[in-house]
C-alpha cells in the first residue's frame, strides 16, 4: 500500500491547512495513491508524526512525503527530516543568522516509529517549476 503525505507549514490562521487539505482532496479524487493525508509542520493538527503514524497504522508500506512549499528552507532541509527521523536532531545554534532565535513548537516530542518493511521517501518542494510560473502569470493577470 502506498501513501502520499502532503506537508504544509501550518499557521495561526486557517488558510494554510485549508489549502493543503484542498490539494489533498483533489489528489484523492485521482485514485493514484491508496492513502492521501496531510500533516502540518506547526500550529495545526494533524502534526507530521500523527499523520505518519496514522498511515503506518492503516497499512502503508511506502510513504511518499511531499512538502507543499515553494522553496527549500530550514523546515524542509532540517526540521522535517529530523521529525521523520531521517537526520539526527542537533542542538541548533543559529550561527551567522544575526542572533535570529525563533523557537517554534515543532511537535518534537512526538515520535515516529517506522516498522521494518516500511519505506519513507521524502521529496523536494515545488521549486521554480514551469507550472508555478504559469500560476504566477495567471495571478498577475487577475485570473
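Keep in mind that glycine also has a Cβ here, set from the backbone N, Cα and C atoms.
Per Swiss-Prot, the features are as follows:
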ACT_SITE  9  active site, proton acceptor
BINDING   9, 75  Co(2+) binding site
BINDING   9, 75  Ni(2+) binding site
BINDING   45, 70, 71, 72, 73, 74, 75  substrate binding site
C-alpha spacing of the residue listed as 'active site, proton acceptor' relative to residue 70 (substrate binding site), in angstrom: 11
Cα-nearest neighbour of residue 9 (active site, proton acceptor) within the listed binding-site residues, 45, 71, 73, 74, 75: 75
Pairwise C-alpha maximum, in angstrom, for the residues (45, 70, 71, 72, 73, 74, 75) that bind substrate according to the record: 22
Winner by Cβ contact number (other Cβ atoms within 10 Å) across the recorded positions 9, 45, 70, 72, 73: 9
Other CB atoms within 10 A, centred on residue 75 (Co(2+) binding site): 20
